[in-house]
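Student: Just passing along the structure, written as structure tokens.
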Amino acid sequence: MVRIGVLGLQGAIREHIRSVEAVGAEGIVIKHKEQLDEIDGLILPGGESTTMRRLIDKYEFLEPLVNFGNQGKPIFGTCAGLILLANEIVGQENAHLKLMDMKVERNAFGRQRESFEAELVVKGVADDFEAVFIRAPYIVGVGPEVEVIATYKGNIVAAKQGHYLCSAFHPELTDDHRLTGHFIEMVEESQRPAATV
Ligand code: GLN
């Protein structure tokens, strides 16, 4: 059984643990950087990205998180977690983990659309995924390595780059666990020895 950590500094932590358990993996709340050694994949939850960044700095998580990704271990960022993964944020001088080659805009759907639900096609995952958006960002540009896997009204709302996955919506807030399941498959895949030719 793969062990999935959920960064436990702020945000929708319990909901992700529930979703991870629902697809048959073990969910562990990560509160100390040393715990990163015990897990196979990591979820960066939704919440508030500037608050999360402050706590990441306070608990000296920045470098360990970047190293975790650089070791080839899968990371799934949802909403604020997607913002943490991006290498560029509209209107901000500095980004955070800079692990995915994409530019994101925070609160991109505007005030009128603080939160809403939409049925989306998520490539390789589902044709009818019930996506919950809460003060969501979207992705305004991606580099050549990034695969767009979902859009909503022409805006990119989910993407993949190698062992990184992100969604602007919250896959942990409904009983549709297919996107979490997809991430677990990515983690299992990352553990298989590379095929020799
Ligand atoms: N708007 C939040 C931010 O910028 C993200 C919202 C969310 O994670 N639901 O961090």
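Each residue, glycine too, has its Cβ placed from N, Cα and C.
Straight out of TrEMBL:
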type	residues	note
BINDING	Gly47, Glu48, Ser49, Arg106, Ile134, Arg135	L-glutamine binding site
ACT_SITE	Cys79	active site, nucleophile
ACT_SITE	His170	active site, charge relay system
ACT_SITE	Glu172	active site, charge relay system
Student: Of the binding-site residues Gly47, Glu48, Arg106, Ile134, Arg135, which one sits closest to His170 (active site, charge relay system) when you measure Cα to Cα?
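Tutor: The smallest Cα gap between His170 (active site, charge relay system) and any of the binding-site residues is with Ile134.
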Student: Near Cys79 (active site, nucleophile), which residues of its own chain have a C-beta under 8 A away, given they sit six or more steps off in sequence?
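Tutor: The list for Cys79 (active site, nucleophile) reads Pro45, Gly46, Gly47, Ile134, Arg135, Ala136, Pro137, Ser167, Ala168, Phe169, His170, given in order along the sequence.
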Student: Would you give the longest CA-CA distance, in whole angstrom, between residues of Gly47, Glu48, Ser49, Arg106, Ile134, Arg135, the set recorded as binding L-glutamine?
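Tutor: The span, Cα to Cα at its widest, is 13 Å.
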Student: Just to be sure I understand the packing, how many Cβ atoms besides its own are within 10 Å of the Cβ of Ile134 (L-glutamine binding site)?
Tutor: 17
Student: Which state, by DSSP, holds Ile134 (L-glutamine binding site): helix, strand or coil?
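Tutor: Assignment for Ile134 (L-glutamine binding site) reads strand.
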Student: Which of Glu48, Glu172 (the recorded positions) has the most other Cβ atoms within 10 Å?
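Tutor: Selected residue: Glu172.
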